[in-house]
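Engineer: TrEMBL feature annotations, pasted as is:
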{"type": "TRANSMEM", "residues": "A:27-46", "note": "transmembrane segment"}
{"type": "TRANSMEM", "residues": "A:97-118", "note": "transmembrane segment"}
{"type": "TRANSMEM", "residues": "A:125-143", "note": "transmembrane segment"}
{"type": "DOMAIN", "residues": "A:145-324", "note": "domain 'ABC transmembrane type-1'"}
{"type": "TRANSMEM", "residues": "A:149-172", "note": "transmembrane segment"}
{"type": "TRANSMEM", "residues": "A:193-219", "note": "transmembrane segment"}
{"type": "TRANSMEM", "residues": "A:272-291", "note": "transmembrane segment"}
{"type": "TRANSMEM", "residues": "A:344-364", "note": "transmembrane segment"}
{"type": "TRANSMEM", "residues": "A:446-463", "note": "transmembrane segment"}
{"type": "DOMAIN", "residues": "A:465-644", "note": "domain 'ABC transmembrane type-1'"}
{"type": "TRANSMEM", "residues": "A:472-493", "note": "transmembrane segment"}
{"type": "TRANSMEM", "residues": "A:513-539", "note": "transmembrane segment"}
{"type": "TRANSMEM", "residues": "A:583-611", "note": "transmembrane segment"}
{"type": "TRANSMEM", "residues": "A:623-640", "note": "transmembrane segment"}
Amino acid sequence: MATATASSPVRDTGIGALLRHRAVGKLLLLAVAAAVVVPILNAKWASGAWPDALTVDLTEPLGKTTDWIIDNRDSHWLFTYFFGHISNAIVLSVRGVYLVLLAAGWAGVTAAAGLIAWRVAGVKLAVMAAASFAVCGLLGMWVPTMQTLALMIVAVLASVILGLLLGLAGGLNDRIFRILRPVLDTMQVLPAYAYLLPFALVFGMGVPAAIIATVVYAAPPMARLTALGLRGADGGVMEAVSSLGATARQRLFSARLPLALKQLMLGVNQTIMMALSMAVIASVIGAGGLGDRVYQALSTVDVGQALAGGIPIVLLAVVLDRVTGAAGERMGAHVEDNSPLRGWRGWSVAAAVTVVAALAARFADRVDWPTGWVVNIAPSVNTAKDWMVDHLYTDVPVVGGTADWAAHFTTWVLNPVRDGLQGLPWWSVLLIVAALAWLIGTWQTALTAVAAMAAIGVLGVWSKSLDTLSQVLAGVAVTVVLGFAIGIAASRSTRLERLLRPVLDVFQTMPQFVYLIPVVALFGIGRAPAVAAAVVYALPAVVRITTQGLRQVDAAAMESSRSLGATSWQQLRQVQLPLARPALLLALNQGVVLVLAVVVIGGLVGGGALGYDVVFGIAQGDLATGLVAGAAIVCLGLMLDRVTQPTERRAKKGA
Amino acid sequence: MRVRTRVTSAVTAVGALLALSGCGAADMTKQASPYANAAGAKTVTLSVQSWVGAQADVAVAEYLLKNELGYRVDKVQIDEVPAWDALSQGRVDAIMEDWGHPEQEQRYVKDKKTIVPGGDVGVTGHIGWYVPTYFAKKHPDVTDWKNLNKYADQFRTSESGDKGQLMDGSPSYVTNDKALVQNLDLDYEVVFAGSEAAQITQIEQFAKKQKPFLTYWYKPQWLFEKVPMTEVKLPEYKEGCDADPAKIKCAYPHTPLQKYFNADFAKNGGEAAAFLKNFKWSEADQNEVSLMIADKKMSPDDAAKAWIAKNPAKWKSWLPK
């Protein structure tokens, strides 16, 4: 979900022959260039890992920056007159929302959730929303849920406003649009972990830093979709509006924005989902709420309790996703509503019912969720986990235990790939990257990819990054094999797809922290469990995109192949898969990006390499280690994105 | 161009708003949590460290603050070094168990004076290398570092390759292990579990199968009750032998664990501050509560309640007169 909004320009596959011709040309050209440059590089800096002479050590300047911030934070005008006000404003707004939620009590909040869902999305979702909030209470998570909700409301509002402003600027002005794109790209690839620490230093631990980090992470989809919506406005309509003599402002508010409404709602939806996924990560700098409960439960290795904190996050995500999604569709559809409760009348009924519910709970002295209504799920979940570990960990007849698999995976896959990558001369890695990126894209994309890879070397984390890269490659391979298999099966059976949907929902929104412990319990510590966690996280997106891509294959092509007597297997191999190629490539690209996103989490279960450095940076307040590793992850992300994302020469228009 | 002027005016408006709302300088040293003191309750915000011993301290303090003194307690889990920063800014009021951070002490306690020491917790901490007791009984000489190389191949895992595995834990913990392995010429690879949760899970797995392992671990810790472990003797600790991290060649010191308070809280925190200052218990007490939380999976609140019911004499002396 994190990057579902990434653009996916698609190459026309019809000109295969010409393309193959071009590919050979590109490779030849590259080979000639290499033949000239490599001997020179080799003579000057030798082969092997990245040469020390070409690195820059940032430890000292970054360490000094940290000290300067801490020493001047209470006195320098930059903090007392600028950053300080921002963090105070954030604290005040979160506090305001939180107090309102507390005053409304559980009855008021549950009623309000149900009624708002009813107004914007219908009765079915209203029941679901109210029930979800009740479950949060039943799990004994009412207060943390309210804290997270307060945090989310403020963060999402800020992200939407910022996204709208950026998107407006980008949608109306080509130059700004061009500058904005790479900025938004970077904001999304940047691992949130890497910038938590600097934000915490500048804005203060806890809520202010968490909100700002969330906004950085969640605003890009809003900005992207706003710009996309504005640029996509129908030319004919715009022409008509102009000819009526509308001013620029009138054109914007009367035509462009209303036409882009559907995209705007999609942007809001994406922003909410991304903000929620930050809720847990932000808990490592003390943001409180549900994320903190999950995080605290994990330190006592209490999976059951972690799940009790994770379920409300999943429920919030699913409810908000469905409600905003339905609202977006309604806005696009302009349904004629003739019920007696339409418009303001419906809203006033909703408001009245909410107030009555809140007051009723208050008079009954039941403002807080009653302690007697709490169900403790932790013991049974832990029993289930223990059973799993006892019976699957090792010595299972015939198939072997999960720990044995992990050991084999490490020895036979991860180690050779890592050693192979680290054994390659540094210039040859750059060459391979250049060749791959150029074959699939243009010379610009190849240049970006090579520059990103070189930046990793300059930062002095070359071999660690290759270690991380080997984990990513292994994770992507497993994800893609499993994802394509499940996706193909789901595309052929509607029933399977329906069964899979809630499972995929849960895996996509469940905070990664929750499954860290089961992963260690099953696979031990090390790189194998890190890869396993990454696969769990990335699989849903790959399955979804694959299923959708295969489903959308032209029915006529399928029909004609069947009439020619093709078997089901032939049909899949020779018609469906080739035609769905763009979707499959997008699935691969998403797989890569999502697997990389879990690298940091992998650091928490022994994945080592860059992920560990980022975690270390936060834990020790060490800006140098954390930021450099974070920058290296961004560079890896950029490189992998360019190598897996086919681009034609970028058209002037597009996302 | 119109867009740009509009953007500029928006920025000016926001700036003006900020200036108006703040009416001058913002105080970065007074930034309580937005959830603090909500709904008219007096609150104390405590920082919880990720290990269970610290959670036990906080659980008991929380229970007494709530039920004896009428406070609401907010708990925030932050790593050790950032927690010092949060304490200095007033985002948390107290750290209940600190394992020694000389650099932070110098900066916040001595130079900036935003943090004040809160006295001993009553527990002495010690970091060391441990092997499971079932293994040490079979091979008694493994408990001296000089013999570790002999056993390296028994400690091998797929992660450590052809060397023995020395398992380290969370990146937030104080560790010299990489340097020690290097300087003592040991045939070992330090593998970081990345979090204490992962490390405990792995130790329990090893113990279940009675496999040998070598791990960084610390006392007091509840896990010893479940998986008995024996310490491996490292070269003796002497004052100052750990001054240069690169040349380190000695064991870890024994540290009396400390409490630290935000300076404002210590002065104006009323009964809560006085109570937390008096809080002091023994290693055995802490382990009793820790084990209930971590192994019996009781909620920290229930564990604290159980201990408090059994030991009224101990905690009654902490209450402010």
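The count begins at 1 with the first shown residue.
Including glycine, each Cβ sits where the backbone N, Cα and C put it.
Automatic, uncurated: that is what TrEMBL annotation is.
Situate these features within the shown structure.
Structural biologist: Outside the transmembrane segment (A:27-46), and at least 6 residues removed from its termini, the chain residues within Cβ reach (under 8 Å) are 53-54, 425, 427, 431, 434-435, 438-439.
Listed as Cβ neighbours of the transmembrane segment (A:97-118) (distance under 8 Å, sequence separation of 6 or more from its ends, same chain) are residues 125-130, 132-134, 137, 142, 146-147, 149-150, 153-154, 319, 323, 350-351, 353-355, 357-358, 360-362, 366-369.
Under 8 Å from some Cβ of the transmembrane segment (A:125-143) lie the Cβ atoms of residues 106, 109-111, 113-118, 290, 293, 308-309, 311-312, 315-316, 318-319, 322-323, 326, 368-369, 373-377, all in the same chain and six or more residues away from its ends.
Within the same chain, residues 1-2, 141, 144-145, 147-148, 151-152, 155-156, 159, 192-193, 196-197, 199-200, 205-207, 209-210, 213-214, 217-218, 221, 309-310, 312-313, 316-317, 320-321, 324, 509, 511-513, 618 sit at least 6 positions outside the transmembrane segment (A:272-291) and bring their C-beta atoms closer than 8 Å to a C-beta of that stretch.
Here the transmembrane segment (A:344-364) has long-range neighbours at 103-108, 110-112, 115-116, 118-119, meaning same-chain residues at least 6 beyond its ends whose C-beta is under 8 angstroms from one of its own.
Packing against the transmembrane segment (A:446-463) from elsewhere in the chain are residues 49-50, 54-58, 422, 426, 429-430, 433-434, 436-438, 610, 613, 628-629, 631-632, 635-636, 638-639, 642-643: each is 6 or more residues past its ends and has a CB under 8 Å from a CB in it.
Counting same-chain residues at least six beyond the ends of the transmembrane segment (A:472-493), those with a Cβ under 8 angstroms from any Cβ of the stretch are 409, 413-414, 417, 500, 531, 534-535, 538-539, 542-547, 549-551, 572, 576, 584, 587-588, 591-592, 595-596, 598-599, 636, 640.
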Engineer: Any contact between the transmembrane segment (A:623-640) and the transmembrane segment (A:513-539), i.e. 3 or more CB pairs below 8 Å with pairs at least 6 residues apart?
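Structural biologist: No, the transmembrane segment (A:623-640) does not contact the transmembrane segment (A:513-539).
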